[in-house]
Amino acid sequence: MPPPRRRGPRGGAGGTKRGVDFEAFYARAYGTRWPALRKALTAPPPPKVALWNRFCQLPFEEVMANMTRVDDASLLQVFRSHGACEVAPPVSDEFNVKAYYLLDYASALVVEQLGVNAFDHVLDMCAAPGGGSIGIAQFLSADGTLTANEPQQERCARLRRSIREYVPSNYVPVTITQRSAETWHAPSTYHRVLVDAPCSAERRLLQHAGAAPVSSKAWTEQASTELHRRQCAMLLRAVETCRPGGRVVYTTCSISPLENDEVVGDVLRRTRCQVEVQAPTLRNVGEKTRYGHVVLPDTAGGLGPMFCCVIHKVSDRREEGGSEDDEEDDDEGDKNKD
């Protein structure tokens, strides 16, 4: 998720302390791979895919006649247009429920990692613009619940509009909240928690910059470090609010290890809960990292960036010596990262 726009010298992408500049920071992180990855990030992304909305009353065969399912094995019904053209804007049924939602394919893969069941209570902590929540709702029954949270007023208004257009209230109970994810307090409440955290969104920064370098007004190492702090707070709160036996999925659209694996590592060391990192099921898309999976456009046909980590909560209290960062177990992940 791109970070909210901020003014002034502190927080978000508006920091003024330079530190290492953008190019040096990511060249250090990716080494000889950086030029190819940078080029892929500046290229136009693949066309968005269409997530079929099961709540729409229009005939499925008629609406999706000119589309092909991306993956028959996927839990969500995701389609692309024939050829390389863009999917047409969605149509609506007589109740003004839209037939499909347009999103990046990697975003649909993230929602599947939650493993939502029909009767689950689910929290989407950073829900705007709403694609994740709409995907989650596809799995829920009237006996499940979805809490979609977005702290920013304008983004929350967009989230409300998306939910209204895609998820009828008589099908799935949805509560929309406008709270800080960093201070969320509802211990052991939800079976599933999605944290699509605000991040540096480097692809967007590079495409906005065009042929020019990414400026210090758009990105600084200090701003990324502040995002890391906020992301850790969100993920810690997510683990706490998840029920024992439940699952937390942490995701960003960043390529920065500082905002991805290093966030997870810090949370594993700091959490008071007993947790286990589980391998995502991305079906040969992306590459393994220390704690999760990352989809990068230079090796994934233009898809991404997308980082995803799945955390299983065992209990509310950490066992002695549990949930610590085990260096030996992660040697293989480190080698893959190198």
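For all residues, glycine too, the Cβ spot is worked out from N, Cα and C.
As given in TrEMBL:
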type	residues	note
ACT_SITE	C253	active site, nucleophile
BINDING	E150, D196	S-adenosyl-L-methionine binding site
COMPBIAS	322-338	compositional bias 'Acidic residues'
DOMAIN	26-314	domain 'SAM-dependent MTase RsmB/NOP-type'
REGION	316-338	region 'Disordered'
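Geometry remark: E150 (S-adenosyl-L-methionine binding site) versus C253 (active site, nucleophile), CA distance 17 Å. A coil conformation is recorded for C253 (active site, nucleophile) in the three-state DSSP classification, outside any helix or strand. DSSP assigns E150 (S-adenosyl-L-methionine binding site) to coil in the three-state reduction, outside any helix or strand. With respect to their backbone Cα atoms, D196 (S-adenosyl-L-methionine binding site) and C253 (active site, nucleophile) stand 8 Å from each other.
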